[in-house]
Amino acid sequence: MSCPHLTETNVVIPDNSQVIYREECVRCFNSQDEEGGIDLCLTCFQSGCGETGLKHSLVHFEQTLHPIVVTIARQPKQKINDEPPQKITKLEIREDSDEDLYDYFYVPKCLVCNIILDIQDPLLSLSLEAMKNATKASNKSQLTAWENELTTCDHIINLPENETYVTNLDNATCSKCDLAENLWMCLTCGALSCGRKQYGGGGGNGHALSHYDDTGHPLAVKLKSISPDGQADIYCYSCDEERIDPNIKTHMLNFGIDIAKLNKTEKSLAELQLEQNLNWDFGASEEDDASKRLFGPGLTGLKNLGNSCYLASTMQSLFSIKEFAIHELNLFNTYNSVCQTPTTDLQCQLGKLADGLVSGKFSKPSKIGLLNNPSSSILPYQDGLRPFMFKDVVGQGHSEFGTSQQQDAYEFLLYLLGKIRKSSIAKTDITKIFDFETEQKLSCLSCKRVRYSSFSSQGLTLTVPRVKIGEIEGEQIYEEVSIDQCLDATIQPDQMEYTCEACKSKLGATTTTAMKSFPKVLILQANRFDLQGYQVKKLSIPIIVNEDGIYNFDRLMAKDHPNDEDYLPEKTETIEWNQSAIEQLQAMGFPLVRCQRALLATGNSDTETAMNWLFEHMEDPEIDKPIEVSELLPKADSSVSEENVQSLCEFGFTVAQARKGLLESNNNIERAVDWILNHPDESFEEPPLEGSDSSIKNENMGSWESTNVPVNYNLKAIISHKGSSAHAGHYVAFIRKEIDGKQQWVLFNDEKVLQVASLEEAKTTGYVYLFERLD
């Protein structure tokens, strides 16, 4: 039966730049591995689950009226262990190794006519073949993250224009050996040479590098990595870095090569690097006999996308909070079926993640593992969900979270909460369950006068006592501490350098931190990091947690202010005028107030600049108005990065120091460190946030915050970190779950979900702690 909808408008032949979501539904985690597979739209290449899922394919059709889809399903192949390996006759890197693991099934159909289409139809055949050969959306997502880190260089910008001559690529081989694969062409002289050996073997004999050593020609392009849209591997041997050539089309035309006629047939350097990361062992070693692999609701693992364990451990911890999980599930049930742009909508991807992690539908042993080990008494681990769409959306435009590098889980958690708050579509802002108000007291050591300031927060840094008890192989050994001891240390006064506004003493001051309100969920970050010079070193201090996980936080409650306290005066602002410029301007006949106003407007710079400003503003109606104190106050800068604040706190600075340093250094971390260290006499009080006055705060306090005592919390989750830096190493999450009617600790290590007998491993690795308030 013919279909009138089988047209070039409805059936598109995708090019290399097209993102193809052929692995899973864009609105939920139903995938090609589930019964019934998924429907891939052949017009825009977004996918939706069919009748056996949540019918998101029908949702997509109703929104777009794209009629032609192909149902994609796959079944794992059984591994034949005694099959001899295929003889290697040439260097070959296959684009999609999944073909070795799965049998794929494709059924094209028209949703309007409700018929199955002939897969041999020429238009369908071309579209399906191009779709199969294209890079999958999940891989393209990760490759983009790696490629975003590449830049150009002076050697590319200043590449000399050579006379055009033709380089023959037919049956091309290395000029110094017979290799025809992994060929690199010199962008100076056009010489063809093989590349260096690659991770895992193969690659070449390094003759491209030898060519650079012999000639000094710095740039080469990998021929079979070039695609018609200008994507190509460029390597600068002089910089010893992979680069981007924005003028690759012009540079290739110098050698008579039109890139529009080329096709990418080999893996790029980014793909090879990604492959190495994905094959790296991110998992823990074999667990002890007391451990048990778990499956079911709330016990779904997340596949490591390559340095994404910080994201996985954070999301597992967040979705272990009942209020957060219920909120996101409700939005999933109401919003995901009406969202117009699911692949770029944060709320849609959060809802998708909620259904994936909480429902238990996808928490089951790996099909391939079961097929290849049918007689094993030990169930294989889960395959794990791959949250690449969520990672793409949440990291969009961010210089760190938009890459495939390891990141700080605490920074990511605070960043994510801010992102959710800004993009919330619900009447209830679920991130308010983490909100609380902190009070800081500054006390002059000389005159004893005090100042109180308040600010809002969603996380508190825990001071970890550091008592050295020995050394093993150059590594310091520290005494065990409890969370209660950390709480006691956190509320102790910190002494700081300070010049008092009241008594003018430079004796210093103390600051103490307390909490004016307590959130439903309290996030604590253990400050295990020490600033040694400009190097941040992680300290392996064991932190013991209570077996029952119950803690009383009354000691953190801010006390009533004593009636007999004397207060420091409100800070006033003055400016040291450029007296020389003022005298010269007055000598020209300008009144003092005009001289000052000109210098204020021009940064208190010099006579000539101020004079030019005066001539341009002689008619300003307020030019003779006396200067108000408010005009001398520094302008508030709301762009201070919370991630940068947390990074500076890891160096051992206070939040107030971090904010002040970043304000003074245009949000640059290195300059902020220099500024703080070079201003020992600066008063680093935390300025009250707008609207944070206690009277205003109490009137508008969210229903989740509490000022009631006793303040009791239950430890719900621990994000643990192995490694020397929060931006490297490996993250896992320990979460308290109900297993067989009892509260047990469960380890979430990427896709591995196991019951653990103890928290011994979390002692020296605990980094972020999530507590639930017991009301």
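Indices start at 1 and increase along the chain as displayed.
The backbone N, Cα and C atoms fix where each Cβ goes, glycine too.
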Look up Ser138, Ser377, Ser456 in Swiss-Prot and give me whichever carries the note phosphoserine. Ser456
Figure out which of His5, His66 sits with Cys41, Cys44, His60 in the Zn(2+) 2 site per Swiss-Prot. His66
Which single residue out of Cys153, Cys194, Cys236 does Swiss-Prot record at the Zn(2+) 4 site shared with Cys174, Cys177, His207? Cys194
Within the same chain, and leaving aside Cys153, His155, Cys236, Cys239, name every residue whose CB is within 8 angstroms of the centroid of the CB atoms belonging to the recorded Zn(2+) 3 site, in sequence order. Thr152, Asp154, Ile156, Pro218, Leu219, Ser238, Glu241, Arg243
For Cys153 (Zn(2+) 3 binding site), what is the secondary structure by DSSP, using just helix, strand and coil? coil
Using a 10 Å radius around its CB, how many other CB atoms surround Cys49 (Zn(2+) 1 binding site)? 26
His211 (Zn(2+) 5 binding site) and Cys174 (Zn(2+) 4 binding site), distance between Cα atoms, whole Å: 11
To see if you understand the setup: which same-chain residues, six or more apart in sequence, place their Cβ under 8 Å from that of Cys153 (Zn(2+) 3 binding site)? Cys236, Cys239, Glu241, Arg243
Under 8 Å by Cβ from His207 (Zn(2+) 4 binding site), counting only residues of that chain that are 6 or more apart: Cys174, Ser175, Lys176, Cys177, Ser193, Cys194
Relative to the mean position of the Cβ atoms of Cys186, Cys189, His211, His217, the recorded Zn(2+) 5 site, which additional same-chain residues have Cβ within 8 Å? Leu187, Thr188, Gly190, Ala191, Ser193, Tyr212, Thr215, Ala220
For the binding-site residues Cys41, Cys174, Cys186, Cys189, Cys194, which Cβ has the most other Cβ atoms within 10 Å, all shown protein chains included? Cys194
